[in-house]
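Heads up: the structure comes next, in structure tokens.
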Amino acid sequence: MRQQVNGHISGSDAQAGESIREELQEFLGGEALLHQLDDLTKVNPVTLETVLRCLQARYSADTFYTNAGCTLVALNPFKPVPQLYSTELMQEYHAAPQPQKLKPHIFTVGEQTYRNVKSLMEPVNQSIVVSGESGAGKTWTSRCLMKFYAVVAASPTSWESHEIAERIEQRILNSNPVMEAFGNAGTLRNNNSSRFGKFIQLQLNRAQQMTGAAVQTYLLEKTRVACQASSERNFHIFYQICKGASADERLQWHLPEGATFSWLPNPERTLEEDCFEVTREAMLHLGIDAPTQNNIFQVRGKATPLTCGSGDGQPVL
Ligand SMILES: Nc1ncnc2c1ncn2[C@@H]1O[C@H](COP(=O)(O)OP(=O)(O)O)[C@@H](O)[C@H]1O
Ligand SMILES: [Mg+2]
């Protein structure tokens, strides 16, 4: 901390402050090259301004991943960048002798973790913590990691194991649309905001092939079913059902065509997450057959359906 005497910075501290300012000017003077700094530990001097300017320069150059020592900083591009997540690129990081020498990427983290399991005499669990504020890209990043492992950890040798691997891989990936349909909702900050936390465990055999997955969820924001902030929405699944049910299903599930529901605000906001078919397809792949799905979607109380009339003739879900 800089020492102040009667509100004035002492002589040597003032000099130090001056030299930091000069360094800062010099660093920011080379702004054209800022986006080339792929590790925030190379930023000098390390101040909030220099770190943010570096990330901003990289963002402007469509470079969304930056190392910060052994941590990876991911910026949300808020636009599709398909070439950044292609299977070819996954294979490139997987095959690289030293993936950490390639451009910073979530695949580097995925691959290093995978190798850490592989290289040890006794397999040791590895964990990746994905953190950030709402809308930062945590769910996206977790999905990317799952896709990455589904590709690199499912390298079967025989036709039979290929079938199995494909099934496991598909099932693991299909858990995402189901969890998101029932646990995500449109909020002010994120159209696809996870309203629960999750611990995803991917299980590998001794040959480092994926054999299964377990997902533990916690702290689901159940109150959202009955109470949503203005401009926010209920869980996606309700809108999916309302928008995607067939005429027969509407009849069976007590969903009259064109009905509006007090607990389903902002139904006019169409999100890409509103696709009922994707959820149903994913449930099918997870082994939830059509009759079971039907039971889930027509959830009702003992005598009266969940969908019932409100005082003003308005149905309430
Ligand atoms: N790497 C990315 N590439 C493209 N779009 C992204 C990326 N990361 C996030 N997004 C966009 O940002 C939105 C919010 O990200 P999400 O992962 O749901 O945030 P969080 O889980 O941290 O709240 C996503 O729905 C997606 O549209
Ligand atoms: Mg999320």
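Glycine residues also receive a Cβ, built from the backbone N, Cα and C atoms like all the rest.
TrEMBL annotations: computationally assigned, not manually curated.
In TrEMBL this protein carries:
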DOMAIN    35-317  domain 'Myosin motor'
BINDING   Gly132, Glu133, Ser134, Gly135, Ala136, Gly137, Lys138, Thr139  ATP binding site
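Here the features listed in TrEMBL are placed on the structure.
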residue	record	contacts (Cβ under 8 Å, 6+ apart)
Gly132	ATP binding site	Ala74, Lys138
Glu133	ATP binding site	Arg189
Ser134	ATP binding site	Thr187, Arg189, Asn190, Ser193
Gly135	ATP binding site	Asn76, Arg189, Asn190, Ser193
Ala136	ATP binding site	Ala74, Asn76
Gly137	ATP binding site	Ala74, Leu75, Asn76
Thr139	ATP binding site	Glu180, Asn184, Asn192, Ser194
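Cβ atoms within 8 Å of the centroid of the Cβ atoms of Gly132, Glu133, Ser134, Gly135, Ala136, Gly137, Lys138, Thr139 (the ATP site) belong to the same-chain residues Asn76, Asn190, site residues excluded. Within 10 Å of the C-beta atom of Lys138 (ATP binding site) sit 20 other C-beta atoms, taking all shown protein chains into account.
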